[in-house]
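Database features (Swiss-Prot):
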ACT_SITE  H42  active site, nucleophile
DISULFID  C159-C370  disulfide bond
DISULFID  C212-C310  disulfide bond
DISULFID  C345-C349  disulfide bond
CARBOHYD  N92  N-linked glycosylation site
CARBOHYD  N133  N-linked glycosylation site
CARBOHYD  N167  N-linked glycosylation site
CARBOHYD  N177  N-linked glycosylation site
CARBOHYD  N191  N-linked glycosylation site
CARBOHYD  N267  N-linked glycosylation site
CARBOHYD  N322  N-linked glycosylation site
CARBOHYD  N331  N-linked glycosylation site
TOPO_DOM  31-380  topological domain 'Lumenal'
Amino acid sequence: MAGKRSGWSRAALLQLLLGVNLVVMPPTQARSLRFVTLLYRHGDRSPVKTYPKDPYQEEEWPQGFGQLTKEGMLQHWELGQALRQRYHGFLNTSYHRQEVYVRSTDFDRTLMSAEANLAGLFPPNGMQRFNPNISWQPIPVHTVPITEDRLLKFPLGPCPRYEQLQNETRQTPEYQNESSRNAQFLDMVANETGLTDLTLETVWNVYDTLFCEQTHGLRLPPWASPQTMQRLSRLKDFSFRFLFGIYQQAEKARLQGGVLLAQIRKNLTLMATTSQLPKLLVYSAHDTTLVALQMALDVYNGEQAPYASCHIFELYQEDSGNFSVEMYFRNESDKAPWPLSLPGCPHRCPLQDFLRLTEPVVPKDWQQECQVASGPADTEVIVALAVCGSILFLLIVLLLTVLFRMQAQPPGYRHVADGEDHA
């Protein structure tokens, strides 16, 4: 009986200690989403330009060139709906201005894409409906003039060092081989389109025009066969790599996509330390913006970002209290976003590792790094000019000294003959 009582006493004691621990020790904090940054491309649009022999000129498009279409509006409304579902429980179901901030480039198509996206993300309900027949509410989208945009409009410029890198890229074997392989093809396209300045760097415009026309049911010219379109598409992707890679990718990143990455890093750090930003920060921009950022992160898949594609950064606070970053890319509307892993880090990347690994592609002083360093030839010119300038200065000093002494000398005496003044 004593042993039995002793057993019950030990069991009771363990339960008591467990109860005390539950009361004294705080419960473990569950992993939680703290902050989201989105960068998306605008939706379907009309061509940004056409070519001289194109039978479909600007009047063929209801709003002209470079404008968001109804298809593009729907694409972004659907993306907004998908984001609403993904972040249910994180964002309020109704719009609260303290929770979200949206910035766009100053183009009609990106501004309108952001507005369509917000219509899907935050449909009005209850008191937010200003008209019972309209399931929409105005939500602010911020922008700056194109000439002042140093965050979302790429490639950034003017930047002499970047232009120098591009000239050096043109001399690489990869660029030279690509140019040689496609010389006759580019001549054919130039002849069919009427363009006189077609290069590896500009041929994407032809593909873009034909792609937009084909997407909207317009008949392509006979020369634009499926094989030609496929080849144009490949050259279009090459032009993106030319802008931000192929040669000195890390330095190009510091001058281009690293500028945006620097702001994203700053925001992630700020939210991990002070929580002073909105829960959701949205950037509405272009395919070049996405490629510039993904090349800086070294996660670019080599293909043009499709309409309404979206790069996602999610900041989590782990149950340990530390923070981690997860990235996703939504480039297909009927599939879940693809997980992206920063090279050298798992998909759930600790924030400190994310910051450390991306540090090399973030500029310290963009204006300074954009300057072209003086080469040996430039140094010789500078020295020669300095020597010439010094010699000229000495000659001027010598000349002034002589003139000064001549003026300081007293006037000489002149003998006058007797009677000279008496004629």
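From the backbone N, Cα and C atoms, a Cβ is placed for every residue, glycine too.
When the C-alpha distances from N322 (N-linked glycosylation site) to the recorded positions N191, C212, C345, C349 are tabulated, the minimum falls on C349. Cα of C345 (disulfide bond) to Cα of N267 (N-linked glycosylation site): a span of 20 Å. A count of other CB atoms within 10 A of each Cβ picks out N267 as the most crowded of the glycosylation sites N133, N167, N177, N267. Taking the C-alpha positions, the distance from C370 (disulfide bond) to H42 (active site, nucleophile) comes to 29 Å. N92 (N-linked glycosylation site) and N191 (N-linked glycosylation site) have their C-alpha atoms 56 Å apart, to the nearest angstrom. Averaged over the topological domain 'Lumenal' (31-380), the predicted model reaches a pLDDT of 96. Within 10 Å of the C-beta of N331 (N-linked glycosylation site) we count 20 further C-beta atoms, all protein chains included. Inclusion criterion for the recorded positions C159, N167, N177, N267, C310: a C-alpha placed within 10 angstroms of the C-alpha of N331 (N-linked glycosylation site); this criterion is met by C310. Sequence-distant neighbours of C159 (disulfide bond) (same chain, six or more apart, CB under 8 Å from its CB) are L255, W366, C370, listed in sequence order. Its own atom aside, the Cβ of N191 (N-linked glycosylation site) has 12 Cβ atoms within 10 angstroms in the protein chains shown. DSSP classifies C345 (disulfide bond) as coil under the three-state reduction. For the pair formed by N267 (N-linked glycosylation site) and N191 (N-linked glycosylation site), distance between Cα atoms is given as 50 Å, rounded to the nearest Å.
Mapped onto three states, the DSSP output places N167 (N-linked glycosylation site) in helix. A gap of 26 Å separates the Cα atoms of N167 (N-linked glycosylation site) and N191 (N-linked glycosylation site).
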